[in-house]
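Features of the protein shown, as given by TrEMBL:
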type	residues	note
ACT_SITE	Cys270	active site
ACT_SITE	His329	active site
ACT_SITE	Asp352	active site
BINDING	Asn392, Asp394, Glu440, Glu445	Ca(2+) binding site
COMPBIAS	476-488	compositional bias 'Polar residues'
DOMAIN	262-355	domain 'Transglutaminase-like'
REGION	461-491	region 'Disordered'
Amino acid sequence: LTDLQSSRNNVRHHTEEITVDHLLVRRGQAFNLTLYFRNRGFQPGLDNIIFVVETGPLPDLALGTRAVFSLARHHSPSPWIAWLETNGATSTEVSLCAPPTAAVGRYLLKIHIDSFQGSVTAYQLGEFILLFNPWCPEDAVYLDSEPQRQEYVMNDYGFIYQGSKNWIRPCPWNYGQFEEKIIDICLKLLDKSLHFQTDPATDCALRGSPIYVSRVVSAMINSNDDNGVLNGNWSENYTDGTNPAEWTGSVAILKQWYAAGCQPVRYGQCWVFAAVMCTVMRCLGIPTRVITNFDSGHDTDGNLIIDEYYDNTGRILGNKKKDTIWNFHVWNECWMARKDLPPGYGGWQVLDATPQEMSNGVYCCGPASVRAIKNGEVDLNYDTPFVFSMVNADCMSWLVQGGKEQKLHQDTSSVGNFISTKSIQSDERDDITENYKYEEGSLQERQVFLKALQKLKAERFHSSRRGADLQPSRPTPLSQDSPRSVHTPSLRPSDVVQVSLKFKLLDPPNMGQDICFVLLALNMSSQFKDLKVNLSAQSLLHDGSPLSPFWQDIAFITLSPKEAKTYPCKISYSQYSQYLSTDKLIRISALGEEKSSPEKILVNKIITLSYPSITINVLGAAVVNQSLSIQVIFSNPLSEQVEDCVLTVEGSGLFKKQQKILLGVLKPQHRASIILETVPFKSGQRQIQANMRSNKFKDIKGYRNVYVDFAL
């Protein structure tokens with residue numbers, strides 16, 4: 001008989017939140033077990049105990065997925081070690097320790113006992129799961145700050161920042177990495193990867209590397225190459241699945257994927273991909289956080305230029321290059337050593353599970369060193385050029401008219417703003433933009449940009465030379481002599497710009513209300529100026545894709561020397577309501593021109609409409625295994641009736657599963673509340689997340705933190 005001491009070991013290995021019924025330990029740290037003998041006790045020097053551990057379908061000593069090590073031999077060739085703790089008449093306590101480089105996963109533990117009498121007895125002691133260990137200094141994921149370990153490994157809830165750089169909104173999220181069955185689902189996810197399906201023996205052997213595991217998980221969160229967890233959908237049509245905006249946690253998504261025989265869940269967008277990846281990585285023991293980048297570039301041709309096209313009304317157009325600036329984009333950072341890179345490039349690494357571009361033939365991205373991105377080292381693995389463009393590409397605006405493209409403006413600072421993550425052990429937002437780039441407008445920032453551009457040019461040149469015998473030569477996309485520049489007039493330096501335009505909101509942009517704003521026109525010259533300004537408004541998806549315009553206007557403004565004027569504008573709720581996307585983004589644009597000058601002036605502003613949040617009240621003290629009442633207050637913010645209202649509520653350690661309440665119809669401006677009963681089953685700091693959807697809106701959210709005490 002054997003006692004794996006699951007409860008005691010799991011507490012020591014920081015896995016008791018997952019379970020205390022099964023053994024879950026971390027590599028590089030000893031765990032204890034007790035061996036019981038029927039006839040007589042273990043006799044050191046006379047008996048020899050040999051342990052065997054195996055992982056994967058094809059365990060192999062040479063690959064490190066099988067290890068054989070003895071209790072008696074202190075100089076065993078195996079990196080796994082075992083030693084005697086105590087020895088009694090009928091029981092023996094021993095300690096085992098996996099090397100800090102061991103493959104993570106599910107292991108089978110066996111024992112062979114060679115007695116002095118010559119008999120050999122073999123037993124199968126049971127299974128255990130081995131995880132990465134950020135508490136172990138020799139582990140590649142070691143993090144030397146306990147508050148950071150608590151936040152980036154142990155915290156099972158957080159915030160994902162959405163909206164726009166002018167209106168940053170925290171979206172509460174239940175990561176739930178310690179919920180029932182999540183560890184099993186994470187290991188199943190590794191086994192469903194293309195790497196495992198192709199070569200399971202090698203795949204399991206490589207699971208000791210957080211670099212390898214993070215790339216596998218990045219590919220498996222999306223379903224573009226395999227039966228990954230989530231189907232992406234940016235079409236605004238979600239009738240055969242769940243609108244990405246409705247999700248409030250990873251647990252329901254992962255359990256749905258697992259229950260459906262590992263078929264992709266419909267649907268996800270960037271924040272959902274990143275949140276689910278955070279759950280998986282924290283569960284496996286790799287410190288992970290979720291990052292939001294506002295005004296995030298998506299450069300499809302690797303020239304570090306995001307091209308945006310406008311017509312003569314100021315309306316933004318789609319483009320064949322598919323370059324876009326996402327209103328916000330969300331990815332992960334994972335903490336790990338990078339011995340494959342020059343010294344100094346370990347630490348936080350970008351991983352992006354949203355399927356945007358291929359990496360080595362698979363839709364995944366990273367790990368890319370954050371420090372390498374800041375320093376413009378775009379030749380370092382993995383996918384550093386693409387990540388660099390997301391935070392530091394330049395933006396080029398073009399006017400499309402009469403089949404010609406005219407350059408309007410090149411902006412060096414519009415991409416990559418307010419890069420955000422949740423603060424350590426706090427609900428505040430932490431701005432980490434300085435981790436990714438030097439201050440916009442600084443000499444260092446431009447030097448790094450040009451350094452990155454030169455490295456990419458050199459790579460393109462060498463690539464073209466290698467392929468010169470296979471294909472005809474052609475101008476590189478990095479060429480300064482782009483064909484479109486034929487009709488491009490030179491821009492005036494900013495210090496001699498004579499007329500400026502700017503939008504200003506008059507009231508907060510609330511859903512269901514009219515949007516009131518003004519266009520500010522300023523003549524900085526000593527001459528009269530006659531302006532014709534085309535104004536338009538159109539909805540945007542958060543990935544920057546434009547929808548059809550729903551509002552247009554033309555303003556004629558005469559400005560005296562040094563004069564400023566305002567032109568009032570209003571977009572009524574009835575004008576925008578039927579055209580609004582789930583993201584609630586409206587882009588207003590103005591394209592101005594002087595009668596006496598061919599020069600164009602472009603200005604735009606993105607408006608994010610806001611909802612009133614759900615209010616959650618905890619009625620009474622929260623105690624483990626005692627009933628708790630929770631009040632949820634919600635309202636219909638619109639001046640029209642909404643139907644098909646559904647409220648979802650969840651929270652790790654508080655609810656065994658996500659709660660769904662059918663509310664039906666809500667009258668205009670109606671405010672209501674319900675009382676939910678639950679029994680908390682885990683102590684400590686917890687969070688309740690709620691979402692309400694209807695036929696008119698999908699993501700009115702709210703949250704409440706609650707501390708759960710142990711029962712007295």
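Glycine residues also receive a Cβ, built from the backbone N, Cα and C atoms like all the rest.
Curation plays no part in TrEMBL annotations; they are all automatic predictions.
Sequence features, as recorded in TrEMBL, placed on the structure.
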| residue | record | Cβ within 10 Å |
| --- | --- | --- |
| Cys270 | active site | 27 |
| His329 | active site | 28 |
| Asp352 | active site | 30 |
| Asn392 | Ca(2+) binding site | 24 |
| Asp394 | Ca(2+) binding site | 20 |
| Glu440 | Ca(2+) binding site | 15 |
| Glu445 | Ca(2+) binding site | 18 |
Among Cys270, His329, Asp352, which are recorded as active-site residues, the nearest neighbour of Glu445 (Ca(2+) binding site) by Cα: His329
Rounded Cα-Cα span from Cys270 (active site) to Asp352 (active site), Å: 8
Shell list (Ca(2+); ref centroid = CB of Asn392, Asp394, Glu440, Glu445; cutoff 8 A): Ala393, Thr412, Ser413, Val415, Gly416, Lys437, Arg446, Phe449
DSSP helix/strand/coil residue counts for the domain 'Transglutaminase-like' (262-355): 15 helix, 41 strand, 38 coil
Neighbouring recorded positions, C-alpha within 10 angstroms of His329 (active site) - of Cys270, Asn392, Asp394, Glu440: Cys270
Cα-Cα distance linking Cys270 (active site) and Glu440 (Ca(2+) binding site), given in Å to the nearest integer: 25
Between Asn392 (Ca(2+) binding site) and Cys270 (active site), the C-alpha gap once rounded to whole angstrom: 19
Between Asp394 (Ca(2+) binding site) and Cys270 (active site), the C-alpha gap once rounded to whole angstrom: 22
